[in-house]
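Report on the following structure.
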């Protein structure tokens, strides 16, 4: 069902790239192991390295030091320099003369191990340590990119508007920067699952900084306006990879057509709510795991437009091509996104699809 | 040289002889044209006494049939020469499967020559499949007759012998099972013949594997019998067939036809999928990279392995259940 729809829509959208994306979607995806900083980090990292996995976040940043600074990509990036803060000593060495390093513009402390290009090994399931805490969380490594790009700073108030199943929420907590994290999901059952995830990964003391709710995210503008430094809006979508592989409860089922058609509207309302919940100057990341332009760029464009017209809020959409260049060894990015970035499934790096776009609410 | 110590007690000539055989053999295999005494020139009509001595020595070293009369051995050697074998080739013939007597050797070789092989091919066949020497002339003749009846007539028969000599040593039941399987799969007799002529290797494969390959092409790929035969389906291994077909299928370039035999895209021809090099397949058909295909192969192999494991697990648990039931009874 989903596949026929994709062949028609994505065939037109991606042209000659579509077959290679298609075979990626239909073949086993790759995972990343998000290291749990609340467990024995050293031992866990060592175990993962002994499997021949590498921390792609660390490796990418290391490689980024060698990215030529005169590239046009970098010039675009330097216009939107984030305040220079030194959190990662290792990477701050060369900071003086060069433009700001990536370490100052991505969320810190996130470690995620993946197998290199073309390596199809799998991670064994994580086992609990003596205190019952699990050492790593397996997820599509591309789903960390929205969290990395959110650039959480120490002391930030953070909102995760559509938090379940919890991989991104957990990653936000790994930064160790959230003064308060509000994690919400409209479905109560999904929130209770999210709670279980947090219980297995996060000590009680840290968990108490997390507020779990199951409200309708679309209303956040009325609930907590102008409140958060950082907002993650990881919306419900056609979950493309899941939809081609699983028949059960498939969003492309005839009976869910209406719901599917309403998705872009729902997504736009959620993004708008996220923008309203952000403080002026605050940053919002919109993300989906769909390839559909209609659910990605179009939603961002409409939301920015509506924020301006209806709420007189001006929103700046950030250029992420520098971010893309840093992570392009690990992921296969689509080169022609109008706004934001899109990770394409590809047999040799079978992550994604993952779309993400960063917006800054102007003062 | 390994047999040295034992052979030494048997034959006093060994020390010099062994070296002679060794040196000579290495020269033959190197294709050297130097003439060391008993190595005859091609226009020399027959062997000389030195060949006889050398063959005796081989037999002595092998500790087999060493007590054969020189006159008998000479007759055998004469026959080989008359059939066109060079002295070097005769030495090769005697180095194969020492346990068979010179006369048996002669009979088999004779039969192969009668089947239309030249001395070079005969030697090659015996080197590749020394077990052919175990056959009697009658068995070989009978097998040839049976293969002819299956449509492997002159020309084809020699090709089969050269490429797949073991087809002559297989139990007939095995060959019959393959042929019957093709008939059960509703290939007309003429097509079975065509398959045997173009892909004689099928006779060496397991009937159930061939049947699975047929079913895969018929049901999964929607290929009819005639196209399978014309495209040489049975020449490609099942694993590689699946690799290429499923690769194309997931790329969106191949579809299983529906009940009416229709597809929404035009499928490529079977021939274009299986009868091209991997390089051309990737460049012209799949429009994909070698890197992607390599990863795909690995992934598919793992998928299949895990499917198989799941299936056998299910069957295991079924039979477990039966055991339990019988225990209760």
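Just so you know, glycine gets a Cβ as well, placed from its N, Cα and C.
What you are looking at is a predicted structure, and each value in this text was computed from that prediction instead of being measured.
TrEMBL has this to say about the protein:
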- A:62-362: domain 'SAM-dependent MTase RsmB/NOP-type' (DOMAIN)
- A:74-96: region 'Disordered' (REGION)
- A:76-88: compositional bias 'Basic and acidic residues' (COMPBIAS)
- A:162, A:163, A:164, A:165, A:166, A:167, A:168, A:185, A:216, A:234: S-adenosyl-L-methionine binding site (BINDING)
- A:289: active site, nucleophile (ACT_SITE)
Next on the checklist: What does the structure give for the C-alpha distance between the residue listed as 'active site, nucleophile' and residue A:216 (S-adenosyl-L-methionine binding site)? Integer Å is fine.
Outcome noted: 20
Item to check | Where the record names A:162, A:163, A:164, A:165, A:166, A:167, A:168, A:185, A:216, A:234 as binding S-adenosyl-L-methionine, the maximum Cα to Cα distance in Å | outcome: 20
Checklist entry - Quick one: what's DSSP say for residue A:162 (S-adenosyl-L-methionine binding site), helix, strand or coil? => result coil
Checklist entry - Non-local Cβ contacts of residue A:168 (S-adenosyl-L-methionine binding site) (under 8 Å, 6 or more apart, same chain)? => result A:143, A:144, A:146, A:147, A:160, A:232, A:234
Checklist entry - By a simple count, how many Cβ atoms lie within 10 Å of the Cβ of residue A:162 (S-adenosyl-L-methionine binding site), its own Cβ left out? => result 23
Checklist entry - If you count Cβ atoms within 10 Å of the Cβ of residue A:166 (S-adenosyl-L-methionine binding site), leaving out that atom itself, what do you get? => result 24
Next on the checklist: If you count CB neighbours within 10 Å, which one among the recorded positions A:164, A:216, A:289 has the smallest count?
Outcome noted: A:216
